[in-house]
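Asks: Below you will find the structure I want to go over with you.
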């Protein structure tokens with residue numbers, strides 16, 4: 001089984017993916033880690049690499065094609081990233097698609113803590129990054145990243161701890177699979 005976990009900045013994608021991996025034993029592939037590593041290799045910050053990617057679509061294509069190839073070649077995996085669900089959907093890859101949701105303020109606080117910066121700086125960075133990503137993905141793939149209709153489950157991460165969220169997701173996948181409710185939606 002393939003599981004994709006998507007969500008906006010600070011929604012808990014990486015943390016929940018790690019917890020779900022602990023429960024399932026599945027390997028986690030993080031497109032965010034790959035994107036950050038590519039930026040680092042180019043001696044750029046994430047923000048600079050986002051700006052670079054706006055005029056160099058090959059940067060996004062490279063990241064997304066790597067993610068797609070990994071999904072196609074592997075099973076029993078968790079693929080975590082902003083576009084993970086969309087990449088599986090657009091490429092007809094059978095996957096259980098999860099979207100993690102949190103309010104803007106919660107995401108902002110989490111992002112500031114993760115980056116070890118003040119709230120105002122976090123707000124500026126988060127808004128620039130999300131605006132850049134939304135516009136790039138619309139131009140590159142014709143998708144609206146705020147369209148949640150492709151997801152099998154949307155989870156609010158506000159009020160549960162990551163281990164609880166992972167258990168909830170694992171239980172929902174198991175329940176839907178056993179009842180044969182889960183029929184992955186594949187774009188044709």
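Glycine residues also receive a Cβ, built from the backbone N, Cα and C atoms like all the rest.
Copied straight from Swiss-Prot:
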type    : residues                        : note
BINDING : 7, 8, 9, 10, 11, 12, 13, 14, 15 : ATP binding site
Asks: By a simple count of other Cβ atoms within 10 Å, which of 11, 13, 15, the binding-site residues in the record, is least packed?
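Replies: It is 15 that, of the binding-site residues 11, 13, 15, has the fewest other Cβ atoms within 10 Å.
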Asks: Neighbourhood of the ATP site (7, 8, 9, 10, 11, 12, 13, 14, 15): other residues with Cβ within 8 Å of the Cβ centroid, in order?
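Replies: In sequence order, the nearby non-listed residues are 16, 100, 102, 107, 110, 157.
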Asks: Taking every protein chain shown into account, which of the binding-site residues 7, 9 has the largest tally of Cβ atoms within 10 Å of its Cβ?
Replies: 7
Asks: What kind of secondary structure is residue 9 (ATP binding site) part of, going by DSSP in three states?
Replies: coil
